[in-house]
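Features as listed in TrEMBL:
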{"type": "DOMAIN", "residues": "B:31-97", "note": "domain 'RNA polymerase sigma-70 region 2'"}
{"type": "DOMAIN", "residues": "B:139-185", "note": "domain 'RNA polymerase sigma factor 70 region 4 type 2'"}
Amino acid sequence: MSYKPDQNDWMAYLYGELEGAEKEKMEQYLLSDANARKELEQFQYLRKMMGAVEDKEVIAPPIVLGDNKQRFIWNTPAVRIISSIAASLLIIMLVGKFTDTQISMSGNEFKISFGEPKKIEATQSVTSTPLLSAEEVQNMINQSLNQNNIAMQTSWKETQQKLDASVRSNLASNSNKIDRLVKEASSASQDQIRQFVSTLQNENTEVVKNYFQLTASEQKKYIENLLVDFAKYLQQQRSDDLQLVQTQLKAIEQNTDIFKQETEQILSSIITTVNAAEVKETKY
Amino acid sequence: MAETLLDIAMMHSDTLIARAKQGDQNAQGKLVQLWYKRIYNFSYKFFMDHDLAMEVSQKTFISMCRSLAGLQDIARFKSWLYKIAVNYCREEARKKKGSRSLSFDVVWNREAEDSPQWESSSQRYANPESQYQQAELSDILQQALYELSDEQREVVIMKEYEGLKFREIAEVLNISENTVKSRMYYGLDGLKKILERKNITKDTIGYEL
């Protein structure tokens, strides 16, 4: 009874985690002590009973991992509003930069302008003009007008002269050409007409001659042909008539032959009948 | 406790853990599938409340996926995972402390409403009556467990139902092994007394156990 296990030994033994010498000691102690055995039994029964507690069935839901936490920060309304304001400000700034927008406040004026304000140059020119007086300006204008007029007139005159010259030269050349043409035409016409007429006459006479010659020969040929044809026709006609007469004669001959035969037959038949009648009569 | 395929898979998931540690989301998902039931049941026995158990489980696995890369020894994955779970359980328990009476109401209501879990119970028992009694006993025992102190309860659950070694529990709770054993001893002792008070002894439910 020197060994008495403590709680730790009990638990280790109960769950099979006691090993080696300590396990042996525990087993010997249990063998020697009935109360200890009973205690162990109680523990074991309790364990058995606790084992009746069943596991609950459960299906693991999908585990959504942490990225959505960051997304959550981005999706918070405050962040969204701030970022949208920042974005719109940026857009306004960019648009301002590109269109060169300038906004100014002076006195009662509020100005929005695109690009460099050009007013400053205008005012400068306005301030510089008063240095010249009205007369001077008038003089300058007159001077420039005069110069302009002179230049215009000179150029006008020059062009006029040029035009005249060209018109004259054109006219001269044209009239010369026309005259030459007319002269040529008039001088050439009489001889040409005569020639033309004579050639025409010659040609006509030749044509008429040829015509008559041609027609005369052709008429001869034609008449000859005609006469030959007529002769042939007459011969044909005669032979045809002859043939006709011959055939008619033959036909008449045949008819007479037939007639002869018929008469002979009739005669013979009469003879026979007469003979037969005579024989009969004699019989009676 | 007979080893199921799931248990075997859990015992041999070193490569899976290694892959999950390297950030393989598929492996992480499988790891969650593998351990979800254990962590859920641990939390359920701790709170006797489905919603709280689900919350703790989800938080545990989200935390697991995030900080798995920091796990130094793959062999210690189990105790590491339970450590996360225990921490979340304690956090939820602290939140609950202010409304402890309410939680008791919830507990009592749940017990009244809970129908025996026909679907979930395994078909080992051919006799429906004994199956029913088993389910009823399960609830009573769970209630008894719930009456233990938090410290004892977490040790008893981890030892009795989650099968952790005393060394592992010590690691999870960051206490000495002897302290774990002593808490276990008092936990079992406390259960014995609670069950006696509830008149649940060897004589009243001697059968079928």
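Every residue, even glycine, has its Cβ placed from backbone N, Cα and C.
TrEMBL entries are annotated by machine, without manual review.
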Looking only at the domain 'RNA polymerase sigma factor 70 region 4 type 2' (B:139-185), what is the mean pLDDT?
92
How many helix, strand and coil residues does the domain 'RNA polymerase sigma factor 70 region 4 type 2' (B:139-185) contain under DSSP?
37 helix, 0 strand, 10 coil
Over the span of the domain 'RNA polymerase sigma-70 region 2' (B:31-97), count residues by DSSP class, listing helix, strand and coil in order.
62 helix, 0 strand, 5 coil
